[in-house]
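Some notes on the structure that comes next.
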Amino acid sequence: MHPPTITLQSPKDYIIDPRENIVINCEAKGKPHPSFSWTRNGSHFDLDKDPKVTMKPSSGTLVIDISGEKAEAYEGVYQCTARNEHGTAVSNDIVIRQSRSPLWSKERIEPVVVQLGVSLILQCRPPAGLPPPIIFWMDPFFQRLPQNARVSQALNGDLYFSNVQMEDTRSDYICYARFPHTQTIQQKQPITVKVLDMDAMNDTIVAAYFNDTDFWGDSPAGQRRPSFMTPKGTNSVATVLRGETLELECIADGLPTPDMSWNKEKGDLPSGRFSFHNFQKTLRVTEVTEADSGDYRCTAKNSQGLAHHVITVMVKAAPYWVGAPRNLILAPRESGILTCHVGGNPKPTITWSVNGVPIENTPKDPSRKVEDDTVILSDVQTGSSAVYQCNASNEFGYLLANAFVNVLAEPPRVLTPPNKLYQVIANNPALLDCAFFGSPIPKITWYKDQQTSILNSDPYVLHINGTLEIHAAQPLHSGKYTCVATNYLASKENHVRLEVKEPTRILKQPEYNVVQRNSKAVFECKVKHDPTLTPIMSWLKDNEELPDNERFVIESESLTISHVTEADEGTYTCIMNTTLDQDSASAVLTVVEATPTPPIIYEQPDPPTDLELTDQRERSVQLTWTPGDEHNSPIQKFLVQYEDSLHQEEAWVNMTEVPGTKTTVHLDLSPYVYYSFRVLALNDVGFSDPSLPSKQYRTNPAKPDENPSEVEGFGIKPNNLVISWKELNGLQSNGPGLQYKVSWKQKDVDQEWITETVANTSQFVVSDTPTFSAYEIKVQAENDYGTGPTPEVVVGYSGEDLPSAAPDSVQVEALNDTLAEVRWEPVHLSAVRGRLQGYKLYYWRERSLHKEDSQPEEAQVLVFGENKTDGRLPGLHPYSLYSLDMRVFNGKGEGPPSARQQFETPEGVPGQPASFRVTEPSLDSLTLVWTPPEEENGRLTLYTLRYQPVNTTSELGPMEEIILSPNETVLTVSNLKYSTRYKFYLSASTVKGSGPTVTEEGVTIMDEGEFVLAAVRSNLLAFGSVNSSVGENGAVISWEYWGVNKNVYVEYNAENSKEAWIKKLVNGTQTYLIKGLKPGTSYRVRVVAKDHLDQTIHSTDELVITVPAMPSRQLDIATQGWFIGLMCAIALLILVLLIVCFIKRNKGGKYPVKEKEDAHQDPEIQPMKEDDGTFGEYSDTEDHKPLKGSRTPSNGTVKKDDSDDSLVDYGEGGDGQFNEDGSFIGQYSGKKEKDTAEGNESSEAPSPVNAMNSFV
């Protein structure tokens, strides 16, 4: 149950769009849910009388339907009220106004005629809109008019010309006004500007212009010094509100065009918040503060002179919150305060209301008192819940805040869910929540498991919100925790559980890997994690997911990349995630190129040059320089150093760093220094050599700007006070004659300051002081030009003495076998005689209660804080006698010891047996021998022996158990199986339980038959035969192996090579393909078996294999010159023979070849030509086409034409080649006989080669 709170409301100044419905927000929460009402212009707004107005269900938000209505009818000031039975909350005054975008009034604008060089202002003067319009100048095609330092738009929208030029003549100067709320644009009538060059015009033309148009400008047209067009005069005033943006504007005329600059008198422009706009004519300062008040000077300068204008800025402030009132929940008879802390200029007036009614108009309440900005509530009663309103206002605005006071009597409630489980990683903080509610505020206490003690000391921290924190949780902190919330009405408890998990750790990290291209890369990543958490392993390449490629194979503890390429280079990261934590490790993969390209040479940059000092002032200067050659590595930054030749000559000191993209820096300087500057450049290779020093720049002396630092007071004797400080260096002295005024007086004692002046020292000793008394100290610097600022007062103490008393009532109690608790009474501060630093507990073990002749151990020390009166002694030995004493100590040392106390620790679990071994193996028994634990920690009651067989695959068999008396140290275990390995577990016990277990393994001996078989499979016969087969893809190695060791490798390297053997793991197989072998090279190969320490146990003899060389390429004689010449000669001879054949054919005769073919025709040969069945016959009736480069005339003679034959046609064809036996295949024609290959008649005459083939 609580009063209403406003959660959402519309802005104070709410401009509405007349085309949309009006929505005025008002949301509130409270129990019970509040009801809502509205006022309009200070009067009740009856929603039922206006059907256009509705209120959203369960809300105070108004929706006004303005369809068919004018929005102006609903303008006004609205306020929302939310109330329930516990109080009333009100919203801000919400001013509703309709947005407006009025039309531009019609007007006729005369052309503007202006003389060349004079200034000009084109006025915009848009219609007033709500909100005000945005102004810009464009032409009729909506292209912005060009603006620059000479022509620019002012803040009021007018267009200013510092001086007009001939190019300013145009008839389309149009001012546009865009109204942002309605997204409409209005435009003014175009303005025509004509610029006249009076020197280039005769009197008649000038007179014509004077008669027809107005002539603009009363300023001279020639070159002139600047004068301000706006603001007028030499001074003006501007007012701005705190937090808003200040815009100052200065526009000047002049010829040439003036340059503008700004500065603040008596100060600098606000760093990081100012900027220049509109070609330096506008100064903008954002987030204005009171410190921005003052005089701002704008300067216009050209070659003819300069002009100044000073704008005095006054910063006012609407009310703003320093601390808004906060809601109060009080129990009956409690007290509380509501504070309405606001700032403003002028100072705001604060008024208070209760449930929306001015507080002075409410019934008088004796429990309430109003003091300006504070309401004091005391002894509140049930039923006095209410909502208070604070209103802070001045002439610039107001603030309104609601704060409820809820008077409740509520029993505690725990809001954290019951039985919530918290899981954390060891050594991390654990936060156990106990969120609560109640009135009065409940007290929270915590308990662990079944303990009754409250958890409010180390390592537990109880926070004010009920949360219990364990700074570094350990597994022993796991368990059930209970939080209890209590007030005078009731108690409520809640249970949660904490589980502390072991951290995830990568035990074997991936290592830097250098592999050759097309080989395999393997990264290992072995992880340890809490067994109750499920780990998920993932890999990243360069912090991104691995490529989706089957070459990347992720296994449980490794990443394998096959056929590595240059694109696989990068940083690979193994990430092991659990639900609570993660661990990661990275390694780089480098792919080695077969022929590495020469590297680019990177060098440090050349030193900068041309150092220049500009803008020289009393305490600042600007340094510029020219960078040197980067040498293939970009410059990252410049380092500026200085030398003070007055105080420390030839000592260069780092002053500042500048980004590598800049070559200028503004340097702040100190008085009384002879500066020289130099610059160094830095790239990835390193720093350049320093540049040559700049010219020396000297600053004038001044009084110190600061006082010595690290001022402190302490004593080195019980009766003195040493005042020390860190001296100012030469750069900080600001002038000659540096010395220090040291002042001191005893604190809280009515006395005057005592002062001494010293020089060239960093300390002063005050004698005859009381022991460990507080003193106020201050040290001030002064030189020949004055004293430094007022120094801060530091509190120091005179010397300490040894404590004179020991802690009283020292008591000790053993909590368990390894932990004891000590309590004591603190020492009175007067006996400490110094700053109490804590208590030291000296304790030592006198002897073991089991061993009477044991010797006392060396004393150990535990230190407790100064506020402690109890503590615990961990790590004690069980069943032992201890002694202890306690001393207080301060900065001087320890005081006397307290009376010695003794206590005994109870029995604990024993340690593991000191030794344990297996002896005398036989076929069916093993003898075990052991010695008792070195730390028995009590009286031994028994030994527990367990054992089980272990097979060849390390799997364990059934477990057997034997209980032994505490006096036994030897046992023979019988009825065992021959030739079998057994694992034994032995532990000792006391009445407190069993101690840690020691393990040992033994093997029974084998019978005679098994022994012979094992000898056969001994080291000499672990490997059988080894075979090899060499092919194009590599060498296949196969072998036989009978050994039990699992780590089997194939190793190889080049014969006679001194490099390390290349090793490949081949577990689970007896064949392996070795890839990547070089042709023509012999290799040594062997198969080895290794143990878990990577030591070779078995090895085969070395096998030598030879990879055959690749066949060399045959010499292509078709490309040889002599062969080409021979072929050309043969082709020419064949051509002559062909011509003779054609002549004889045309005469009807047959040449000898034809006769020979006719005489020896093979009857089995099928005809190749479909029409006449002949095979290449040169008959008179055959239709032939002429050879390429010749033609056949109608008279039957062959006439040689200009030949365009080439070697391409007769021997340079791409099909010519030789078989492996050296025979020539193909044909010497430049064009393939495609038609013949397809079984069709050729469309060309037979080539010379075809003709040559017919003669063969």
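Just so it is clear, glycine is given a Cβ too, placed from its N, Cα and C backbone atoms.
The compositional bias 'Basic and acidic residues' annotation in TrEMBL covers 1152-1172.
As annotated by TrEMBL, compositional bias 'Polar residues' applies to 1239-1256.
For 4-91 (among others), the entry in TrEMBL reads domain 'Ig-like'.
Positions annotated as domain 'Ig-like' by TrEMBL: 102-192 (among others).
The domain 'Ig-like' feature in TrEMBL is assigned to 226-314 (among others).
For the domain 'Ig-like' (319-406), the predicted model reports an average pLDDT of 90. Residues annotated as domain 'Ig-like' in TrEMBL: 319-406 (among others).
Here TrEMBL flags 412-499 (among others) as domain 'Ig-like'. According to DSSP, the domain 'Ig-like' (412-499) comprises 3 helix, 45 strand, 40 coil.
The feature domain 'Ig-like' is assigned by TrEMBL to 503-590 (among others).
The domain 'Fibronectin type-III' annotation in TrEMBL covers 607-702 (among others).
The domain 'Fibronectin type-III' annotation in TrEMBL covers 704-801 (among others).
Residues of the domain 'Fibronectin type-III' (806-908) grouped by DSSP class, helix first, strand second and coil last, total 4 helix, 48 strand, 51 coil. The domain 'Fibronectin type-III' annotation in TrEMBL covers 806-908 (among others).
The domain 'Fibronectin type-III' annotation in TrEMBL covers 912-1008 (among others).
Annotation source TrEMBL lists domain 'Fibronectin type-III' at 1016-1109 (among others).
Among residues of the same chain six or more beyond the region 'Disordered' (693-713), those with a C-beta under 8 A of the stretch's C-beta atoms are 611-613, 616, 618-619, 621, 623, 643, 645, 669-678, 721-728, 732-736, 738, 740, 744, 762, 775, 777-789, 791-792, 794-798. If you look up TrEMBL, you'll see 693-713 (among others) marked as region 'Disordered'.
Within the same chain, residues 802-808, 810-814, 816-818, 820, 824, 827, 831-832, 840, 842, 846, 849, 876-888, 930-940, 943, 986-998 sit at least 6 positions outside the region 'Disordered' (894-913) and bring their C-beta atoms closer than 8 Å to a C-beta of that stretch. The region 'Disordered' annotation in TrEMBL covers 894-913 (among others).
The region 'Disordered' annotation in TrEMBL covers 1152-1256 (among others).
Scored by C-beta pairs under 8 angstroms, the domain 'Ig-like' (226-314) has its highest count with 102-192, from the stretches 4-91, 102-192, 1016-1109.
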